[in-house]
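K.L.:
Below are the structure tokens for one structure; questions will follow.
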Amino acid sequence: MPDRSTKATMGAEDIHERKVSMEPRDSHQDAQPRGMFQNIKFFVLCHSILQLAQLMISGYLKSSISTVEKRFGLSSQTSGLLAAFNEVGNISLILFVSYFGSRVHRPRMIGCGAILVAVAGLLMALPHFISEPYRYDHSSPDRSQDFEASLCLPTTMAPASALSNDSCSSRTETKHLTMVGIMFTAQTLLGIGGVPIQPFGISYIDDFAHHSNSPLYLGILFAITMMGPGLAYGLGSLMLRLYVDIDRMPEGGINLTTKDPRWVGAWWLGFLISAGLVVLAASPYFFFPREMPKEKYELHFRQKVLAGGASIGSKGEELSSQHEPLKKQAGLPQIAPDLTVVQFIKVFPRVLLRTLRHPIFLLVVLSQVCTSSMVAGTATFLPKFLERQFSITASFANLLLGCLTIPLAIVGIVVGGVLVKRLHLSPMQCSALCLLGSLLCLLLSLPLFFIGCSTHHIAGITQDLGAQPGPSLFPGCSEPCSCQSDDFNPVCDTSAYVEYTTPCHAGCTGRVVQEALDKSQVFYTNCSCVAGNGTISAGSCESACSRLVLPFILLISLGAAVASITHTPSFMLILRGVKKEDKTLAVGMQFMLLRVLAWMPSPVIHGSAIDTTCVHWALTCGRRAVCRYYDHDLLRNRFIGLQFFFKSGSLVCFALVLAILRQQSREASTKATVKSSDLQEL
């Protein structure tokens, strides 16, 4: 929003343009187009691409969260904190952006913020290049991976550990902390860089677009931007099919498939691609002027659309006024831009207290906090949940979210906006629609408690076998073996449907590779823990109920769609529930509360809940690292239970809002009746 001096300058320019328009001008001169950097339509195109790329780079981490955990040995609590850390930088600067928004060169600030986002993306990929190649077992660097290191060998023949305890404590742990520190720094920079992009871009469009075209431009912008998270999951699905060290593959290749639980995809490659897109999208912003000529004409498309109704001008004004809340939602309006910093600090507490005392505002924001907490946890950990619960690959889990869940959520947002506009819903009707959407979302989540796969038998972990790793039929079958406790090379006894953490723990002494046209299959032989010293296959046991992932994700997606319907009506409740002079602050407070109470803590809460269901942790240098196995039933109950808790909170808040609005309506009706009777008596 321009300040007073800017408005005065623009007003003078408008008067000058009206004077010039009275003079005859050459028709050829009129036909000459303005430069593309003086065209608001080109700015809309550039900003749509930039916000799309920004959401891709910020959402990509969520698509590869389980892969990053495996690569760097992180718990879900730590990875959740990492995913939420970009909110720290964002929150720390958003108030300054709101206050000084009209005092800076907005396009250049957007460009600088985008460059910082790209730098953050490069930093996120940096740990891959400065770390050692990924070793998916504990073989020594000079040995062939996945061979003798995991076999049952006598103590005298066992391969030595690759790292001593001294080197582990002094070198490996330092490198681990360095990698994690780099990623947390990158997430902070990602949040800081994203601060000016959306607010400055939308305010710039609204300032220099024709008042009737502005809602259309912003609608196009939001429609394109909403595809960003879906593309991020799609990109994650593609990248995680590639091996993490695709740029430095070992000479002998690898003996892993994407279905192997030790598989780590090329998580870093998506950050490089997204960062490159952000740099390309940021380049034009350094050539846009601080102020461009105001768009003077309405689009012919809009004229045709609105021709059948009221006059174009009135329709355009109506749409502009209805879209004004969307501008405020993005943090566009500056908080008291005509006040000095000292005056702003004096006024702020009084207005803040007045807004917080409003019951409708408080309840709607609390409901949005619950919904946002549910969304933040789902977006961060649902791919990992699907991987573990249904034994599917990370690539397929991301594909399901990107192609089904996110598109249906976008449809829900659009449907909610259309219902509010077409039906001209009152505040009470908006609250009823929100209540209905929350109720349907809650009901759709009930079957999720019963759709899932139980943890299959894992020798020594999910079976009550005392101290012995082998089945109870063969006690002590792997005692002669010198098995490393922290090794992980899962194998499956398909006859008994029992999984072992390594061939060594199954007592296997031999290894056979069967070559095929498309892939090779590895088997381990002479296994003392298997009936008849039989043969077992490499890899985890396949789940017998993986097919249930489709009805599960369908219910999740339908729930996301009906929950998204409440987005626009709940926002309208905030705008219509506070005083006109407090709307800007109310929207700003809503924005801050959602980030502080939902988007920051929710991934950490969900990650902590997931960690409590772990039954076997990997150990790195004596510390607890990534979880190898979960109790699937407990994981499902706690993850879905947490979602159910937040959905219930949202439902209760909307029910209270509807009850308050009905009470206010009855009181207003009673007052009107009393006033009417008093007038009749007079």
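Each residue, glycine too, has its Cβ placed from N, Cα and C.
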K.L.:
From the list Ser63, Ser311, Ser677, pick out the residue that Swiss-Prot labels phosphoserine.
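P.N.:
Comparing Ser63, Ser311, Ser677 with the record, Swiss-Prot tags Ser311 as phosphoserine.
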K.L.:
Check the candidates Asn90, Asn526 against Swiss-Prot and report the one noted as N-linked glycosylation site.
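P.N.:
With Swiss-Prot as the source, N-linked glycosylation site is noted for Asn526.
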K.L.:
Where Swiss-Prot splits the chain into topological domains, do Phe37 and Ile392 land on the same side of the membrane?
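P.N.:
They are annotated on opposite sides of the bilayer.
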K.L.:
When you measure from the Cβ of Asn526 (N-linked glycosylation site), how many other Cβ atoms are you left with inside 10 Å?
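P.N.:
The answer is 16 other Cβ atoms.
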K.L.:
Round to the nearest Å and give the CA-to-CA distance linking Cys504 (disulfide bond) with Asn533 (N-linked glycosylation site).
P.N.:
13
K.L.:
Counting every protein chain present, what is the number of Cβ atoms, excluding its own, within 10 Å of the Cβ of Cys508 (disulfide bond)?
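P.N.:
For Cys508 (disulfide bond), the 10 Å Cβ neighbour count is 28.
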K.L.:
Please determine whether the transmembrane segment (644-661) and the transmembrane segment (42-61) are in contact (criterion: at least three Cβ-Cβ distances under 8 Å, sequence separation 6 or more).
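P.N.:
As far as Cβ distances go (cut-off 8 Å, pairs 6 or more apart), the transmembrane segment (644-661) and the transmembrane segment (42-61) do not touch.
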K.L.:
Can you tell me which recorded positions out of Asn255, Cys492, Cys529 are within 10 A of Cys477 (disulfide bond) by Cα, answering none if there aren't any?
P.N.:
Cys529
K.L.:
So which residues does the transmembrane segment (226-246) touch in its own chain, when a touch means Cβ under 8 Å and the partner is 6 or more beyond its ends?
P.N.:
51-60, 62-64, 67, 71, 128, 133-134, 254, 256, 258, 263-270, 273-274, 379, 383, 393-396, 398-399, 401-403, 406-407, 410, 413
K.L.:
Are there any residues at least 6 positions away along the chain from Cys492 (disulfide bond) with a Cβ closer than 8 Å to its Cβ? List them or say none.
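P.N.:
Long-range Cβ contacts: Val498, Glu499, Tyr500, Ile536, Ser537, Gly539, Ser540, Cys541, Glu542.
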